[in-house]
Each structure stands twice: as C-alpha cells, then as structure tokens.
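Record features (TrEMBL):
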type: DOMAIN; residues: A:34-89; note: domain 'GatD N-terminal'
type: DOMAIN; residues: A:116-309; note: domain 'L-asparaginase N-terminal'
type: ACT_SITE; residues: A:125; note: active site
type: ACT_SITE; residues: A:201; note: active site
type: ACT_SITE; residues: A:202; note: active site
type: ACT_SITE; residues: A:281; note: active site
type: DOMAIN; residues: A:332-445; note: domain 'Asparaginase/glutaminase C-terminal'
C-alpha cells in the first residue's frame, strides 16, 4: 500500500479541488470524504458494485466518471449519477519508511580518478513521470534521480547533478537561455570536465545554438545537450541510452564544443553528436529525429561500447581555449516564414512594435513576394536588421540569381548563407545585444562565428530519400 | 513409505486434490486495422522489411518497483532484433510514433462478446501499460484495457463458471528465434487486437477446464468476427491444488492439450508436496539450506572425460558445486512424466545463471563423469553418501555461481511446497519454468491514449454484433437451411461457421446448404486426414468454388478434387485447378456417350439382373466423368438407358 501511493505524492491538490473531478462526481466524493489513494466502494442505483483505489481524473475531460484502480491493477471509469453511493472502505495509509530500491547494476564503478561531469536539468522528456492532471507525460524527476536510473554513467565519470529549472521545452525563452549559459559557465569555472544539459527536445536546437554563440570565443570542455523522444517511465525509453552517450561525450570527447547528443538511428546502436549550430529536430516522434543539416555530425557515440568515433577533422579541441562567456539575447527578434500572399502589414507591425531584427524564411534561394520589398526596405531604413534564410533548409541562399533576390539585397537584406532559419534567429538575437549599429550586426551575421556557416557543401550532405516501396 | 520415483497420473484423484483452474483465453479479432494504428491486422511472410536492434530497460513503475525478471534480462545484455515488414507495421509498432486512439471496431466486437457472456461493460475504457519483459512488445509493455466485468458460461454438467474480466489488448510481436543474447521478432503480429476472457478459478477437473475453453472459443467464433488459424487463439491457465500455489502456464495453443496440461500441473504440485513431506520426514528445515557454501571443484575434473565440462574448462570456466543436505534421491524423483525435481533445479539454473544445465549426484556417474570423480566430489564437498545430494555446474565462474545460487533458492522452496511461478507449456502437455510471477506493480496508465467513454451509441452498435446463441442457431439451421440436426451441430462446432453462414446466404437457392455444410465439415476434414494441407485453402477459394457450382460450371462431385488441388498447390487459382484437372462440366452429349459405352459393356449383365445393375453403371460412369457431371442428371440418363435395353429385349 505504501509503495502504491509513492507516485501520487505531490498530486493531491489542496483545498476544494478534487483531483480533476467536477460536478456530481466531485460532490459524491466530497460527501464520502474520499481522497485519492483511498479504497472506495461505488454502488450504482442498479446495485452494481465497484471497489478499488480512487485515482485522479484527467482534468481535461469533464464527465461524471470516477476512475478507480481495480485489484488486478487495471483502471476503469465508473459513471456516477443521482442515487450512486460512494463509501470509503479504507483510508489511504501513510507512507511507511523509504522505498527499497533494487540497484540496476550489481557492480559498483571502480575506484580511481575519473572525469567530472555535471548533469544540469532544465526539463524535458529525459526526466518525466505520468501526470494525472492531463494524462500526459510531464517532466518531474530530478536530475539526481537520473543517476539511480542510469547507473552506467557512474562508470564513465564522477557525476554531480542539479536542476536549474524544470520546464517543457516549448516554454523555453531567450531569458532561459541566458540562465543556462550562466549556470554552465559557472560549472565550467568550478572545474568540471564536461557538462550535460538535459533538455526537452522540441526547442533543444535553439538552446544549443544559443550556447554555441555565447561560448564561441572560448570553451575548454564539451557541453552536451540531451533529451529523449520516449518518456523515461517506459522500458523502451531512449532517455538512458542518450544520457549515457551524452555523459560519455562530456567526459571523453576530444572536442570542446556545444553539441546535441541523441540517437543516431532507430535502433539502439549509436548516438550522434551534432554541432549545436547545425542541428535540427526533423521528426515529430522518432528517436533519430535530430539530424545535422548542411554538415556532418562531429562524431558517432557508441555508449554500450564506450567508444567515440570522430566523423570530422576540424573541431575545437578540448582544453585549448580558456572560457569566454558572452551572454545576452535580445528578445525583439522575429522569425517569419514567408508564404504565398503574405501581407506587408506583418513586417510593418513588427517595425511598429519596436522589433530590432527579423529573420525571414524565404522560398528557394531566398525570395519573398515582390510586394513585400517596400515594407522590408522601410524596416531596414528604420534600423531593423533583416536576414534571409531558406525554408528549403538544405542548401544555401543565393540572392544574386534572380531579380527578386537582387531587389531584396538592394533593400538591405542580409543573406544568411546556409544557416538554418532557427540558428539565424538565435544568432541575430545574440548579435543585436552586442553590435553597436546595424552595420556591425550585418558584419557579424555574415561571419562564421560558431560553425553556423558551412562554406562548402559536398554532394553527400543531403539525405538519400526512399524511392523504393 | 519411500517416494515413488515415477510420477503417475493414475494415482491422482482430482476431486480430492482441491484442484482449481482459471482460464485466460486470448483470441485475435478480425478487424480491418490494428488496435492502435492503421496497419492491416494481418501476418505477412515475405515483405520488404526494416531491421533494427533495441534493448529494453527495467523501469521503476509508478509503484516504485522493478520487475526482477526484466532487470535480469537487461543485466544479461539481451538485445531484441526487430523485423518490421512494411505492409504490416509502421512507426507505431516500431515504437517511433505514439499510438493512435483505440480502434472502435475492435471495441465493439469485444463488447459484443462481453454482452453475450452476460458481462457488464465498463463506463469508460482506460488503456493500461502492462510491463512485458521479453521484448515481444517494442515498447516494453503491452497495451491492455478492461472493457467489461462479470458474466458467466454454463458447462454441459450444468455448472456455472464465472467470468472475471474481459480485456481488449494488443497482440505481441512474433518471435522468429534466438541467437545468443539476441532475440528476433517480426512486428506484423504486434498490435493485432485480442480479446482476453478470464474465468474465475471455478474449474475443478481437467475436463471442465477443456470444456470451458471450448465453450468460450465457440462463442468467439459465433460472432464471425474473429481470426482463424494457428496462433489466433491462445490459452493461459492458472492452476492450483490444495496446499499448492497458483501457477501460471503460458501459451497453450491447442485446445485439446488443456486437459493434459491441467492434469500434469496438478500432478506436479502433488508431487512437489510429496517431496516436501519426504524432506520434512527426513527432519530438514529451510534454515538448513541457509549459508550453503558454493565450492570450487574444478580440480576434481582436471582430467575429466565429460565433454561438457572439458569444453567449459577450455574456455576458462570453472566447475562449482553445492551440497544439498538431505536431498539424496530427491533430484531423481519425477514431478511430471520425464521431468524430475532435478529438471526443476536445472530450469532455475538456466534462467538465473544463463548456463546450459546442471549435473547432480542422483544421476551420476554418467555423461562422461566417472565414479572416481563422483567419489572425489563427495570428499571435497564433505557430503554424506546416501543422504546429501551434490549439484555441479561447469561454466564461466560468475554464471555458474548465479546458477547455483538459484538452485539453492529453489531447493529451499521445496521445503515450503510449490513456488509461485510462470511456466511455459510444452508440446507434450508438461511445462517448464519460465520466470517468477510478476507482482501487481507492473500496470500503469497508457497516457498517450485518452480514456474512451462507452456511450449508449457504442453499446447499441455492439449489440448488433452479439452472436446468436448456439441453440437458436441450431434450430434455425435445421428449419431454414434444411440441415440435419447432426450436420447443423457439426457446422456450429466447426471453425468455418462464419464461412458457412456467408456462403449459404450468398448462394441461396443456387447451392444447397447441405452441400456447403458437408464440404466445410466433412470434405475438408477428410482431406486433412489424407494429409492434404487444407490450411492453404482460403475463404475466397471456397467462395469461388461454390460460385462455379452455382453456375453449373463444375459438378458438386468435383469439389473434393478441386479443393485438394488448391491445397496442394498454394498460390494457384480455382480456374487453374479446374483446367489442370480437366474438370469443365461435361456436355450432355458427352454424358450420353459415356453412358452408352458403359451400358454396352454391361449389356448382358443388365439383361440378366435388370435394374439392380444401376449402381454399378452409375459408379463406372461417374468414375469416367470424374465429377464433371451432376449425379442426378447422369442417373436420369442411366435409368432411361437401362429401360431402353430391357425394353428392346
């Protein structure tokens, strides 16, 4: 009984809220004095009896239905109506003592000096539990708990861990990037040999880019962002595999760069360490959603074998640079995807609102409808920095090929080369915090600061799409 | 009285054993799509496929526990290699995409079965994740939901057997085989909807258990919405006897094996209790097995002739031994025919230690191990001859140690009685240890699928699918289709019941119902007895054959030959069968000609014996026409011809 309730800690809400129950269901439960975790008996007007443990109800579905866990472990929903009786059979018992947990590995890591790695939790699926309020998976586990869940990492490094914050990655903002940069910088100064940042996958590549620019002048150790596409509450989760690979990267990689470490293919074989400025989430749900675009990943990471296989020759070497932090991101930057028929008002609105930078995701080589050129020119004249990227993602913008591109260049649009739109967006947000004027901003946007621009695309840098059934 | 080393079923009196059996019957539903995606609910043999390896990690459930068996497989480094056929699996089966909402068609069929069993549907269906540790689910759990509670069936002896739960769940992946630490699965079967009906432990004899399984299986078939064929229905059994324990037996695929499995498990538990009593009589207590030392006896086998041990040693392994005090003779005692208590110990050693097996003194000297070596074993371990037993394992030291720890653990349980465990059914009706029984903690909500309310509307639609009760069906088949009661009964029992009903309606007035019934229950059965692989005959084949009979293109007498050809030539069409067999219906002229010829041959006999020769003539004519003509038509012509011959006298 005690262990059954372990998962409910923190879910029991105070006051009148009845764990998602409303209306008749809430009234009946209140009358019976029933609380989540209590064993209750529901007797319907027709005499049918259900007995089980009262579970919280998903707040999003407001129906007169009470969820109970039967003795065989199954949950069912029982509809209640006038005349339904609810009794508490047994109050939930207080938790007695600590839960005894069997360690996953029998062996302990060998003694002796090991690299020191810090795992910084920021939220995301790599650390999650079931949330009854919505029935969805929500970040809940502390980063320390990861150590217990993935004991293998203790064989690679001495692990310290802490939670900076715990938010879904879609709720991440530039001010969160700044806090992560500060924290990572602090940890590097404390002497860690590598930092792992556990992060939700949806906006992980934005944060990776932000860290890349903030540390582009000097980074002595690797910073590995990691997440999971399958929640860590399931046996098939990729969380442990990815974390294992990320810790290996942080502890042992010969490079000192900001990277995203995630599954390399659908099987549990290797992970890839992607450069933080060249990576993108390319699939909504697959484990291997993260891919390097217009570049090769830095390395294949084989966590089970403890092996790092470098894929590129050029990288920033571990231990060569001293830490230099340039933190700060301007939140008055917009990323706009051009679509046929887009109206100039959108650009004008941004200028009126005081935006200082606009990244356009244009068509093909970097175009927008010709009727937008005037509004863009006005924006540039008003001091707004406008950068062009391509919604093709693969390839480079080239605005000299067609007249419409040349008109945009003449209007003052900065061609974003092969930068991913999101990376250009993060970069511009970073640039605008430090450039004294639009001219300097332009110079910085054109310069390859953190590996965000690849001047050479070889033929192989494009996926082979399937054509055969 | 000393323990009989043989396990004899005859000595069991089930009425005195306190035998209790509960069934869990799983049946694949014939839906268009799988339970949680839009893949067809079909198995495929040859298909373009993607292959990928995965591992499954034991997770702590919301209840805070780890499944020990799962932990164990993971520690052993088990890898699952999944084969994902592209026509019958997608990212959902690959665990690369969240499940889609519950398939409503499957829910309705399951609810219809629930209603037919008198069960009460739940008001809202909550899909749960049941941790499954063997890799047969890519997710590491099986998605399952209770859809109804209660209900009952009635056996022929009038006994009411309670139904406890009715679940809708996804079938597991198909195991292709094992190679070392690698287990291979194909994902086509994963996600096919299954209904699971669990009975109360109300069954008290092997025969009752078998009949209950039959009754429930028949009810499934009566819906006409379940899949047929090998592996589409599977039974798990929960068996206990008084003083024994509830043992779970997985994967009984054949209905006719159930009684045997039940009887053998009752026997096993009975024998284990006898072993316990014998050990008690010898004055043994569980504490006597505490702190048993595992001894390295490698030196005893330095020059051994045992191939198994030699091989283990050449690979750097060791030979370890334990003394089981007071166990002399016990390891050689049979618990089921051909399976001794030593086999039970070996099962534990294999599962927990990953070793090939064990040797024990109740079977030594043998297998190349000499009596000198056995002598030395007694010496080194300090075991008493004729009182203690010694178990040895030759393998990598770590594995051997684990194996012997498990052996000690199992031996200790022998003093208590029957351990609660999950066992796998073997083809001969005996069982083998599979893994410990998981606790109730391995169930938690599937949060990717919103709960589904069972509305009035869904129930109304489910009611339409509730099958007609067998008695009513029988009466209707006799009245409406003119089947004899015996034939009607056979049809209702037959696996092709749904095909029968469909074809009878389709060819009403064109093909007699008796012919269809006879073909399905009798012709197919006869062909099977002849060794014809009738499983190759599809429903479409049968439909087409009766279609041709309806059009008069083939005679009903040709049906067995056509079916035989189709069965023996998989992939062939009915058209091909008819061409190859030269079975186009004979023209009237041809029939006339053959009759003329046969009558000519037998003219003198006809003149002598008159109409009594009719049967002989018919036989010869039909043989020559090889079923290409309707018997009635031929008979008319023959009769006419006989009269002509007799009249011309």
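Every residue, even glycine, has its Cβ placed from backbone N, Cα and C.
The Cβ of residue A:281 (active site) lies under 8 Å from the Cβ of A:201, A:202, A:204, A:205, A:289, A:290, each on the same chain and at least six residues away in sequence. For residue A:201 (active site), the Cβ neighbour count at a 10 Å cut-off comes to 23, with all displayed protein chains included. Residues of the domain 'Asparaginase/glutaminase C-terminal' (A:332-445) grouped by DSSP class, helix first, strand second and coil last, total 47 helix, 21 strand, 46 coil. Here the domain 'GatD N-terminal' (A:34-89) is broken down by DSSP into helix, strand and coil counts: 0 helix, 26 strand, 30 coil. Its Cβ taken as reference, residue A:202 (active site) is surrounded by 18 other Cβ atoms within 10 Å in the chains shown.
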